[in-house]
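All remarks here apply to the structure that follows.
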Amino acid sequence: MEFANSFYFTAPEVGLTVSGLILLLVAAFVGQKTTRLITILAVAALFGAAAFTGNLLTNSAFELGADAWGGLYRMDAFGSFAKILIYLATIGCLIVTPKFFEQTAEYRAEYPILMLFGAVGMGMMVSASDLMTLYIGLELSSLSSYVLASFIRSDMRSAEAGLKYFVLGALASGILLYGMSLIYGFTGSTSYIGIRTALEGGVSAGSMFGIVFLLAGLAFKISAVPFHMWTPDVYEGAPTPVTAFFSTAPKVAAIAMTMRMALDPFGGQIEIWQQIVIFAALASIIVGALGAIGQENLKRLLAYSSINNVGFILIGLAAGTEQSASAMLVYLAIYVAMSLGSFVALLMLRDNDGNQLETFADISGLSVTRPALAWCLLALMFSLAGIPPLLGFWGKFVVFQAAVEADMILLAAIGIAASVIGAFYYIKFIKVMFFDKPADVVVAEKSSARWVVLGLCVLFISPLGYLATLKLGEFADRAASALFFII
Amino acid sequence: MIQTFAFYLFAFFVIASGVFTITSRNPVHSVLWLILAFFNAAGLMVLVGAEFIAMLLVIVYVGAVAVLFLFVVMMLDIDFAELRGGFIKNFPLGLAIALVLLAELVLGIGAYRAGSLQLGVADGTSAGLAGESNTANIGVLLYSDYIFLFEAAGIILLVAMIGAIVLTYRERPDGARGHQNITKQNMRRPEDATIMTRPEIGKGVEL
């Protein structure tokens, strides 16, 4: 019975793994001409997983969550919420991909399959209730990401991005593992509950070292300052659809895993990790805002923007309350829509020969030549800057509100000040598109799939999105309370 | 007594062969010293009662990793003299870093000896498994309690394999080269491939 239940609770992972294996066999036997079909089937599998997870989230029988595989894996509202975001983001990235590779003719069936396995790993990360599950999930998703980053073999920048990501990612994994082994050594357990119980009477010096190493490794995975160096290079070098993927699904997974790690096993030791998180949050916000200013490459700019956004999310973690956890989840959902939308819009910037355009000079005067695209980008940039009628404002608002209510007014104030600095380059984006002389190099985008993804993202962040915040807030509250349920 | 002796023996050889790994001029000798270091480290593992890890060390590191190193070192045409040329150039920087590390070690050990760092205190201990040898215990746990993780680790290896193929495999334009056509090979008869000749004495074979 326990075995059957375990299968039921991990069905999204098991299902995605099985479909990945089957699609791999199809690709091996039928050849590369099925790539398009495999992409569609992979999207269908992800839809199925998302629907199943949605059922777990809304089913009142599972409101309290449950353990699977003898406590290695925890099915609860928090994991389900994060997983739905991950699956939807992966679907969005997969849909917009095939067109990108038409020009290079390097689109192969392994691409959607690696994304499927990456999604499996990410699902394990956010549902892990044991350090070992967490690590294996993390490696599964990272390994897929490394390969995806260097997917265009003929492109030097893509290969370089993959190599950089791999080397630095391996280093971060090493740091994380070292922290885990210290924690295991000093608490005698790898399960979150066991660690929590062991640390109830206070934290020894060894465990404290372990927590610091763990946080350093996790900070790398969410690209928080001072472990952010790889982000601009990898985002710039990786193929644009892959960059869109990196800035959405794995980011959600890494942040959700950090939240669970900080608030579950170390939830009683807030005073130990709080100052580290506060530092990482402030440093990310400031470096993200300042670093983006001089960038000419749009992908690099969005990489800094993503560092900046991670800082805002970490403000919620620093507060460490149930309300702030819920605010983080709301922010994450909005961020995914903004980030995915921005990168899909970047994907649409192509010249006559089908080359991707990535610099400010290319989008100059876009509002005259391609008004629809320019207006979508306008909405996305204003939303990223947090200008009120758009939903990006709401995300920042709930996070700052949670911080203020947790008596971290100074942190919120610095965050707001830095977000004003950040507004500079978002507005520069708009200024170049609307007020500069038209460069007229961008050709019209014909792919309706891309317009659908972009349209949905823009619709979600538009003022209409506030209609969805009620439901979103309700699910985020439920997820946050699941995270704090164990206490 | 015999254990203490064995410990110092293994520990001495680990350190000594480690030093020789770094200092030997010939890279092949370096790898051979490394193998010796692995063997002695395995001996140390046996002494602390972790016989499974000791065997893994021998099988995985000596059997696979070190041999792979050896192949790579022998097959790649690396000019090691040139690599070593950088040693002199970077020596001052390396020395400075080494000194900083040494100072930190001294400070750290000093703090520990002064009693301000309680590194010997644990928050809890694991229950541990009694009875069987740890090889048997790992075997039992791996395929029961941890089956989920075991299978997931298998998927990681699969992804690594897919990744290696994606990044290196190149489709040949003519489709024939690089692919083995087994049917064609089996269809081939001796008379297609060989000819019998009976050359005259003093004359060669003409084809």
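Cβ coordinates are placed from backbone N, Cα and C, and glycine is handled just like the others.
Feature annotation from TrEMBL assigns transmembrane segment to A:6-30 (among others). Beyond the transmembrane segment (A:6-30), the same-chain residues lying 6 or more positions past its ends with a Cβ under 8 Å from any Cβ of the stretch are 38, 41-42, 45-46, 48-50, 52-53, 56, 66, 68-70, 73, 75, 83, 87, 109-110, 112-113, 116-117, 119-120, 123-124, 127.
What TrEMBL lists as transmembrane segment is A:37-57 (among others).
The transmembrane segment annotation in TrEMBL covers A:77-97 (among others). Residues 12, 39, 42-43, 46-47, 49-50, 53-54, 56-57, 63, 65, 107, 111-112, 115, 118-119, 122-123, 126-127, 241-242, 244-245, 248-249, 252-253, 256, 259-260, 329, 332-333, 336, 340, 344, 347, 447, 449-450, 452-453, 457, 475-476, 478-483 of the same chain lie 6 or more positions beyond the ends of the transmembrane segment (A:77-97) yet place their CB under 8 Å from a CB of it.
Within the chain, the transmembrane segment (A:109-128) has long-range Cβ neighbours (under 8 A, six or more residues past its boundaries) at 10, 12-13, 16-17, 19-20, 23-24, 26-27, 32, 34-35, 38-39, 42-43, 45-46, 49, 72-76, 78-79, 82-83, 86-87, 90, 93-94, 97, 101, 134, 136-145, 147-148, 151, 245, 249-250, 252-254, 256-257, 260. TrEMBL lists A:109-128 (among others) with the feature transmembrane segment.
Among the features that TrEMBL reports, domain 'NADH:quinone oxidoreductase/Mrp antiporter transmembrane' is placed at A:128-422.
Residues annotated as transmembrane segment in TrEMBL: A:165-187 (among others).
The feature transmembrane segment is assigned by TrEMBL to A:207-230 (among others).
Summarising the annotation, TrEMBL assigns transmembrane segment to A:272-294 (among others). Listed as Cβ neighbours of the transmembrane segment (A:272-294) (distance under 8 Å, sequence separation of 6 or more from its ends, same chain) are residues 203, 208, 211-212, 215, 219, 224-226, 228, 232, 262, 266, 300-301, 304-312, 314-315, 317-318, 320, 408, 411, 414-415, 418-419, 421-422, 424-425.
Residues or ranges marked as transmembrane segment in TrEMBL: A:301-319 (among others).
If you look up TrEMBL, you'll see A:325-349 (among others) marked as transmembrane segment.
Look at TrEMBL and you will find A:372-394 (among others) tagged as transmembrane segment.
Per TrEMBL, transmembrane segment is recorded for A:406-427 (among others).
What TrEMBL lists as transmembrane segment is A:448-468 (among others).
Between the transmembrane segment (A:372-394) and the transmembrane segment (A:448-468) there are 3 or more Cβ pairs closer than 8 Å, counting only residues 6 or more apart in sequence, so the two stretches are in contact. Counting same-chain residues at least six beyond the ends of the transmembrane segment (A:448-468), those with a Cβ under 8 angstroms from any Cβ of the stretch are 92, 95-96, 99, 334, 337-338, 340-341, 344-345, 347-348, 376, 379-380, 383, 389-392, 394.
Within the chain, the transmembrane segment (A:406-427) has long-range Cβ neighbours (under 8 A, six or more residues past its boundaries) at 278, 281-282, 285-286, 288-290, 292-293, 295, 301, 305, 308, 311-312, 315, 318-321, 323-324, 381-382, 384-387, 396, 399-400.
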